[in-house]
Structure formats: structure tokens, C-alpha cells
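Visitor: Got a structure here, written out as C-alpha cells. Questions coming.
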Amino acid sequence: MRSSAIIALLIVGLDAMGLGLIMPVLPTLLRELVPAEQVAGHYGALLSLYALMQVVFAPMLGQLSDSYGRRPVLLASLAGAAVDYTIMASAPVLWVLYIGRLVSGVTGATGAVAASTIADSTGEGSRARWFGYMGACYGAGMIAGPALGGMLGGISAHAPFIAAALLNGFAFLLACIFLKETHHSHGGTGKPVRIKPFVLLRLDDALRGLGALFAVFFIIQLIGQVPAALWVIYGEDRFQWNTATVGLSLAAFGATHAIFQAFVTGPLSSRLGERRTLLFGMAADGTGFVLLAFATQGWMVFPILLLLAAGGVGMPALQAMLSNNVSSNKQGALQGTLTSLTNLSSIAGPLGFTALYSATAGAWNGWVWIVGAILYLICLPILRRPFATSLVI
């Protein structure tokens, strides 16, 4: 069973690399299809369309994986991604580009189903470690992808999309050959599958008791959108960073997060337990946010990165807490819901935090980091509630 978890990790890394490959050149491709003044608007719309489709469809695909198994849904997701990138690589007109993003968003359950596969394949005591590995693989893919995409973009704006399609095709073959089904209690009932759309508005009965932890998950994902949306702008405004320094800081940010998630999450959760590991991560990240708000020199950011990376151990611990409180036949629904919440935060976070930054930067541009730290404090009363460590529903 652990072999399936390892294959799932490889697929997550390849999928993330495919996503990262296209980011540096998507604006360039858009310039071939629309006037220059419309590029930014369409770029944002394409990113939002993917995230919105994930909000709606990721929980549904997770439910399908509970009913029909992880393997067929994961294969469909990888095939959908390969088709999406192929369409985008050869898009002759703008609407075809939108169709490609729509297809990818609808079928893009790779992360959710991979997480369900890992939950199926690992015991409760080791899930935080494996979810940490998954976060590290995703981070490594998102570091390597943009770097490779930038190089391929020098050849052609279409080349990174072709490479992303090939990567997902390779992941598809990898899953076909090596991935074994890990959810063996599915199917065989003869009953029609009841798929619940808009699951965030109507949680499954088995997940409803975890509403408070879902709220914590969403808040933490929302906080993560502060650096995602404002790292470059803040570095340029506060420290007058140039492009090279911005790139170096982003590479260091991603690398330290991947290292901590891969090598610190497991030992720390084994020693402290998932709840205390989560609290440790929140404290480290919140402290890093406050220090960033008051940093006056660019070099100060780099030691602060260690605190932010330590904060990254909290999310795998929280994901393990949630997974340990759900039975095996609801892991897909759970992971799909978490993917939906993640994408919802990626829509709301940049809009809210960039608006806050614009409104407060004239007086002091550190407020957005203070607000992020305050949001962590909101989670503390919720986490004081007792939650079961293993609840089979």
C-alpha cells in the first residue's frame, strides 16, 4: 500500500510542475490573442476560472472516488490536464484558451484524490508525515516548473504548454502501470451514486461535525494568500528589491517550506501530536508575519523565512487531524472539500489582501502582515474544543 502512496507523491510533484511550467508564459501567450491592454484582465480571469471550477467540482470528484475508487478518478484527472495543456498550446483564438482552463478546472482532482490515496495507504499516526511529503512534492514541483517554463518560454510561448501536457501524459502512464487501487470498499452496492454539488453549502453528514476544523483550514489557507499575493509587491515597496532579489527570495521561500514539510513535519507530529504541531506552526508563521511587518532591511527577510517555513508544518498536521476523524469511505469527500476550500481562499485572499494593502500602504505597508497574524488568533478558541483523534463515521 505504501507503494501507491509513493506513486501518488510523484504524481503530485509532476502535476505541480505542469502548473508551474505555464505560469511565466501565459501572459505571453495571451499577447498573441488579445490587445496588450487586455492581457492582465484575461490572465486574472483564466486563473479565477480554474479556481472557481475547482471550488464546485473538486468535492464532487472526491465523492466519485469514494464510490468508484481512487484510480479511475485520478486517471481521468491526469488525462483532463493533458488535454487542457494540449488545447492551450494550440489555441488559435481566445475562447479556446478559456475552454482549456474550464476542462482542467472541472477534471482537476489530482491533489484531492492523491491525498485520499495517501490516507488510504497510511496509518493515522503517520498521516501528518505523508501529508508533509505531499506538500513538499507540490512545493518542489512549483519551484522547478516556473524555472523550466521560463527557459522553454525563450524558445516559444507554446513550448511550456506542450511540456506540461507531456508531463501529465507521463504521470497518466505512471498511474496506469504502477498505481494500485487503495479504496477497496467502493462499489458493488448497485445503488446510484448521489453526488452533492455545492458541498460547502451542504456538508455531508459525515463531515458536518468537522465544520469548526474546516473553518480553521480555510482561515489558514486564507492567511497563506498574504505572501502569495503580496510578496513581490511588498519586497519592491519596502526594500526596493530588484527582479533578481525577488526571484532569489521566492526560491528560498519555496525551498525552505519544502524542506520543513518533508523532514520536520513527521518527527514533530510524532513527538507533539497533530494538534500541538498545528499550534506550533501557527505560532511560528504568525511570529514571522509580525517580524516581516517591522523589518527595515531586505536581508532581515531571509532569516525570517525559517519561521515561515516552520509555519508550514501546521497544514499537514491539520490535514491529518481531519483525515483521522473521517472513515475510509469518506476520505475522497473530505479531500475534495479541502481542495474546494483551498481554491476559494485563492480567489478571496488576493482580492481582499491586495485591497487592504492598497488602502493602508500609504500610511504603513506592514498592516497586511499584522492582519494575517491576527487571523491566527481567531483560530485559537476553535482549537481549544475537543476533537476526536480517530472517529469512524
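Just so it is clear, glycine is given a Cβ too, placed from its N, Cα and C backbone atoms.
When I checked Swiss-Prot for this same protein, it listed these features:
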{"type": "TRANSMEM", "residues": "6-26", "note": "transmembrane segment"}
{"type": "TRANSMEM", "residues": "44-64", "note": "transmembrane segment"}
{"type": "TRANSMEM", "residues": "79-99", "note": "transmembrane segment"}
{"type": "TRANSMEM", "residues": "102-122", "note": "transmembrane segment"}
{"type": "TRANSMEM", "residues": "135-155", "note": "transmembrane segment"}
{"type": "TRANSMEM", "residues": "159-179", "note": "transmembrane segment"}
{"type": "TRANSMEM", "residues": "213-233", "note": "transmembrane segment"}
{"type": "TRANSMEM", "residues": "244-264", "note": "transmembrane segment"}
{"type": "TRANSMEM", "residues": "277-297", "note": "transmembrane segment"}
{"type": "TRANSMEM", "residues": "298-318", "note": "transmembrane segment"}
{"type": "TRANSMEM", "residues": "341-361", "note": "transmembrane segment"}
{"type": "TRANSMEM", "residues": "363-383", "note": "transmembrane segment"}
Visitor: Of the listed stretches 44-64, 102-122, 159-179, 277-297, which one has the most C-beta pairs under 8 A with the transmembrane segment (6-26)?
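Guide: By the under-8 Å Cβ criterion, the transmembrane segment (6-26) pairs most with 159-179.
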Visitor: Does the transmembrane segment (341-361) come near the transmembrane segment (244-264), with 3+ Cβ pairs under 8 Å (pairs 6 or more apart)?
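Guide: Answer no: the transmembrane segment (341-361) and the transmembrane segment (244-264) share fewer than 3 Cβ pairs below 8 Å.
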Visitor: Can you see whether the transmembrane segment (298-318) and the transmembrane segment (159-179) are touching - at least 3 CB pairs under 8 angstroms, only pairs 6 or more apart in sequence?
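Guide: Between the transmembrane segment (159-179) and the transmembrane segment (298-318), which are separate recorded stretches, there is no contact, as judged by 3 or more close Cβ pairs.
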Visitor: Give me the stretch from 79-99, 135-155, 159-179, 244-264, 277-297 with the greatest number of Cβ pairs under 8 Å to the transmembrane segment (44-64).
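Guide: That would be 79-99.
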Visitor: Considering only Cβ pairs within less than 8 angstroms, which of the stretches 135-155, 159-179, 213-233, 363-383 has the most against the transmembrane segment (244-264)?
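Guide: So the stretch in question is 135-155.
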Visitor: Which one, 79-99, 135-155, 159-179, 277-297, has the most C-beta pairs under 8 Å toward the transmembrane segment (363-383)?
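Guide: Result: 277-297.
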